[in-house]
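What Swiss-Prot says about this protein:
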BINDING   VAL279, ASP280, VAL281, GLY282, GLY283, GLY284, LEU285, GLY286, ILE287, ASP288, TYR289  substrate binding site
MOD_RES   LYS99  N6-(pyridoxal phosphate)lysine
Amino acid sequence: MSDWSLDQARKTYSIPHWADGYFDVNAAGHVVVTPTADGPAVSLPEVVDAARAAGAKLPLLVRFPDILGQRLGKLQAAFAQAQSEWDYAGGYTAVYPIKVNQHRGVAGTLASHHGEGFGLEAGSKPELMAVLALSRPGGLIVCNGYKDREYIRLALIGRKLGLQTFIVIEKPSELTLVLEEARALDVKPGLGVRMRLASLGAGKWQNSGGDKAKFGLSPRQVLDLWKTLRDTEYADSLNLLHFHMGSQISNVRDIANGMREATRYFVELSRLGAKISHVDVGGGLGIDYEGTRSRSYCSINYGLHSYASNIVQPLASACEEHGLTPPRIVTECGRAMTAHHAVLIANVSEVEQAPEGRVPDAHDDEPAAIRHLREIHDELDVRPAVELFQEAQHFHAEGLSAYALGQIDLTHRARIDDLFYAIAHGVRARLSFDEKSHRPVLDELNERLVDKYFVNFSVFESIPDVWAIDQVFPIVPIERLNEAPQRRGIIADMTCDSDGMVKTYVENESLDSSLPLHRLNAGESYRIGFFLVGAYQEILGDIHNLFGDTDAVEVVVDRDGYRIAQQRRGDTTDVMLDYVGYQLDTLRATYAERIAAAHLSPERAQELSAALEAGLTGYTYLSDEPLG
C-alpha cells in the first residue's frame, strides 16, 4: 500500500475513536501512551522492553495508574459542569465499585484521591473488609449485594468508626437484621433502598436493571419497607435511594428514561417523609470499545457531559417543582474509571497462513469435481465472479463428499482444495464492497482467506468477556505501524479450546471478522496490544489449561519520562498445580523415582531433574523469545 501513513494506521485501527486521547501512534510507528494531559507520550514498545529487561515476561499486563486519576477527574468535572448549568446544589460523589477490579493498585490508587467527591462500594464481605481500610476518614461506603448478619455487623462497625457506610436494602429480609444489629451495637445505621426500575437499558448486561433484575425491591416492597421503618427509632435513617439502569448503556435515551422513572421514586419517598439525602444512580456509563460512536452494545452514542446532564437535569427539575432539597448524586461508574488504564501485551508465537491455492497439473484420471473446478478457474476473467464462486462451492462440497465415501484418494482431495482456494483468491480480487451484491461473498472470503496468528496468551484468563459475551476490545500491533500491514489475520490463543479465539475486531470505525496485521520478520518479536482491558477482565479471568495470571507492571509517567513503579510476577506452574490440589512434594518425588528407574548417567539424570524443576517453577505461558 503505497499511500500508507500514520494517519492511515490511526484510521485502520480506529485509534482516535476508542483511545480517548490516551493512545496514539508516533513517527517510529510505535503505539504511545499519554496518561496525563501535561505529560509526555511514552512508547509502549519501549516500556515493554524496559519491563522485560527488569525480568518481566510476555504476556504482560501494563497498568498506567495515572490514567485512573485522569478518568476520575474527568467524571467529577463533567458533573460539576452539569450541576453548574442546572443550578444544582446537591453535590456529587463518584463511587468506585471494587468488583470491577479489586487489585490493590487499582482500588488503592483511586482511593488515594481523597475528598468528599469520591467513595467506595462493596458487594461482599471480602470487598467490605478491603474498603473499610481503603476509605478515607468519614468516606462514603455503599454496601450492596446479599447480606448476612456478619456482613451487616461489619458495615455498622464501619459507621461506628466514623465512616459514612450505607447499607442498601436489596431484599426485604435484610431490614430486620439491620435493625437488630444496630440496636446491639448501639449505632444509628445509614440505610439505603434499592428499587427495581421498570425502565431497561438495552445491552449485554440489561438484566442488571429492570423488572428481571437480580437485586432490588418492587414498588410494593419499597412501601412496606418504609412503613416498617417509619414506626421505629430509625425512621430518619433511610437516606439513600439506589437503582441500577444497567451496565455499559449504549443509548443515552435509556439513561434519560431511567432517570425520569427514578426521580418519581425520590419525589414520592420524600413526600412520605423519608429523608433522602443521596441518590445513587448505580453504573451504566459505557465505554466506546468499538470506536463506532453508536448504539451498538460495545459502543456508546454519548459523552461524559451528556451522561452527567441526563442525570442532573431530572433531579434538578423535580427538586424545583416540589420544593425538595437537592440530594447528593452518587454514581458507580467503575468501568469508565478503569477500562483505559490497562493494556495486555502478548507476542505472536506462530502464524498459519491461509491456503494460497495453486492449480495442479491436469491428469487423465481426474474425478469430475476436479475437472469442474479446473473449468471454473479457467473462466475467472470471463464469467461473473459471484456466480463462479457459488459454482466452486458446489463442486468443492461434492469433492469432500466423494472423499468421505472413499471414492477419491488423499491426493485428489488435496488437489480439490488447491483448486478451490486458487478460485477463491481469484474471485476476491475481482470483487468490491462498493457493489452491494458482492458484499456477502466478500465477507465469506475474508473469513476463509485469513491467516491464524497464534498469540501467547489465554482468552479465558486475560479477556474472558470475549468468550463469555462476545465483548469487543480494540487490538493493535504496538509497533511497525509506519508499515502497511500486508496480511489479514485472526487471533487464536494458546489454550486447547476452539473458543480461544477472537472473532470480532475493531477496524475503520466498524467491526470486522479479521484484522490487518504484518508479516513476521525473522528474529523479531511481533507484539500485539489488547486495549481497554482494565475493567473486570483480571477479576473474571479463569485458569483454563492452567494458564494463570500474567506478569504485570505499573508504569508511572511524569515530565521526565516514565518509571516502572511496581512489578508483579505472574503465576508459575507450581502455584497453579497447588491450586488444583496437587502436592508439590509428591510430584517432585515421582519425578525423582522415574529418573532413577531410567538408569541414566549421573550427568543426564541431573540435567533432566533440573529441566523438570524449571518446568515446575516456570511461567505458565510460552517463551517470549522472537521467532526464527
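Every residue gets a Cβ built from N, Cα and C, even glycine.
Here the features listed in Swiss-Prot are painted onto the structure.
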{"residue": "LYS99", "record": "N6-(pyridoxal phosphate)lysine", "Cβ neighbours (10 Å)": "19"}
{"residue": "VAL279", "record": "substrate binding site", "Cβ neighbours (10 Å)": "24"}
{"residue": "VAL281", "record": "substrate binding site", "Cβ neighbours (10 Å)": "23"}
{"residue": "GLY283", "record": "substrate binding site", "Cβ neighbours (10 Å)": "24"}
{"residue": "LEU285", "record": "substrate binding site", "Cβ neighbours (10 Å)": "25"}
{"residue": "ILE287", "record": "substrate binding site", "Cβ neighbours (10 Å)": "20"}
{"residue": "TYR289", "record": "substrate binding site", "Cβ neighbours (10 Å)": "23"}
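Secondary structure at VAL279 (substrate binding site), taken from DSSP and collapsed to helix, strand or coil, is strand. Residue pair GLY283 (substrate binding site) / the residue listed as 'N6-(pyridoxal phosphate)lysine' shows a Cα separation of 12 Å.
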